[in-house]
Amino acid sequence: MEKHDIKYFENKKQCQFQEWYEKFKSVTFSSIVIPLPKIFIDYLQSDQFTTPHEGFPEFKVDEHDDLFDDNNWSTSKNHISTLDPKYYQGYSDEEDESSDDDDSNDNDKDKKPKRIVNETEFKELSNQIIKSIEKLGGNIFPKLNWSSPKDASWMNVYNSLKCTNTTDIYLLLKSSDFINHDLMQFSINQDDKDDSLTPYVLVLRKWQNLQPSMEFRCFVKDNQLLGISQRDISTYFKFLKDKKQKIQDAIVKFYNESICGKFSNNSFTFDCYVTKDEQVWLIDFNPIHPSTEALLFVWDELIPELIEQDQDEKENEETKQAKEELPIEPLTKLEFRIIDDESGIKPNLAMTSRLPLDLLQSSGGTGQGNINDILLNFKNQNLN
């Protein structure tokens, strides 16, 4: 591992939820951290998913949290209230696994445990999760050390991260590419006992009815708040223009009073949520690194000297385009960016997890581009 990779991983470890939660407990949502045994990690990394039929509710009605019911700030959503069986499938070794992408998945399969783990084998953990859900009011959303399975939310009966039982949680965790990435951060000794604890934790956070329009990412360099970006850059929220200054003032006050000088690093990013009465809540911390989305900024203007990349590393297309259009000047004072009109909307990269693998590969791995070009490319590949 190279020197800058080691530095990044050390910074990333400081952003693990269990590393900062106790210090910032008063300004974030109530949560319970559960250490995970090796057998559960094996379960998440295996391709097997089975659950008793009674684990799936036949009907659910979404309930809003009174404290964070900010629906009047955004367009109402259509909530899924009935179970669609096609989203819940059991897989076994007897199924036909032949497909065009077999070769591309061979290496991934080799890394995964070959054993099949049944949920009854970690019943004690499941009981602990059930009790924790009850303590948090019956509705939670899950995450691991760093990531939440937001890319798999469409698999959930609520079409969100809201979970009410272990089946909801296990389905989201096993369906998420983000969670799979978390599981590659630490090496687990396969010779360890099943009940031995791993570096991984399951975080259960009290469910809040948050509106994506009021989530923001903040960028800090040497304890100076340099940038604030709209978190959901795939949507234009017209009302944000009128609220922009009040939102900025609220975030700056929150940072100065609750975050500045208290995190374990001087340069980092943090996500926060602003309620309709300008109360700010901390959501998460992330390290300064190209793997952390800069959203409406580019890293060269935020913290260029801290972004260590190999010369041969492929540049992000947006970064290359920005460099060609005009020189990038590093920011010296706070800048708050939102999408000012519909022309500023950017692709939601998390949505690529919902695309068919063949289509994703045909679009260069991003799912972006002119759909006619993608389909033509896909057709030509099949003809060859």
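Placed from the backbone N, Cα and C atoms, the Cβ positions cover glycine too.
If you look up Swiss-Prot, you'll see Lys143, Trp146, Ser148, Lys150, Arg205, Lys206, Trp207, Glu215, Arg217, Arg231, Asp271, Asp284, Asn286 marked as ATP binding site. As annotated by Swiss-Prot, Mg(2+) binding site applies to Asp284, Asn286, with the evidence given as similarity to another entry. What Swiss-Prot lists as compositional bias 'Acidic residues' is 92-105. Feature annotation from Swiss-Prot assigns compositional bias 'Basic and acidic residues' to 106-115. The feature region 'Disordered' is assigned by Swiss-Prot to 90-115.
Each residue contributes its Cα atom, and for Trp207 (ATP binding site) and Asp284 (Mg(2+) binding site) those atoms are 15 Å apart. In this structure the C-alpha atoms belonging to Arg217 (ATP binding site) and Asp284 (Mg(2+) binding site) are separated by 9 Å. Of all Cα pairs drawn from Lys143, Trp146, Ser148, Lys150, Arg205, Lys206, Trp207, Glu215, Arg217, Arg231, Asp271, Asp284, Asn286, which the record names as binding ATP, the longest spans 21 Å.
DSSP gives Arg205 (ATP binding site) a strand state.
Reduced to three states, the DSSP call for Ser148 (ATP binding site) is coil. Rounded to a whole number, the C-alpha distance linking Lys143 (ATP binding site) with Asp284 (Mg(2+) binding site) is 11 angstrom. Long-range Cβ contacts of Ser148 (ATP binding site) within its own chain (separation 6+, distance under 8 Å): Phe141, Pro142, Leu161, Phe178.
In sequence order, Glu215, Phe216, Arg217, Cys218, Arg231, Leu282, Ile283, Asp284, Phe285, Asn286 constitute the residues six or more apart from Asp271 (ATP binding site) in its chain with CB-CB distances below 8 Å.
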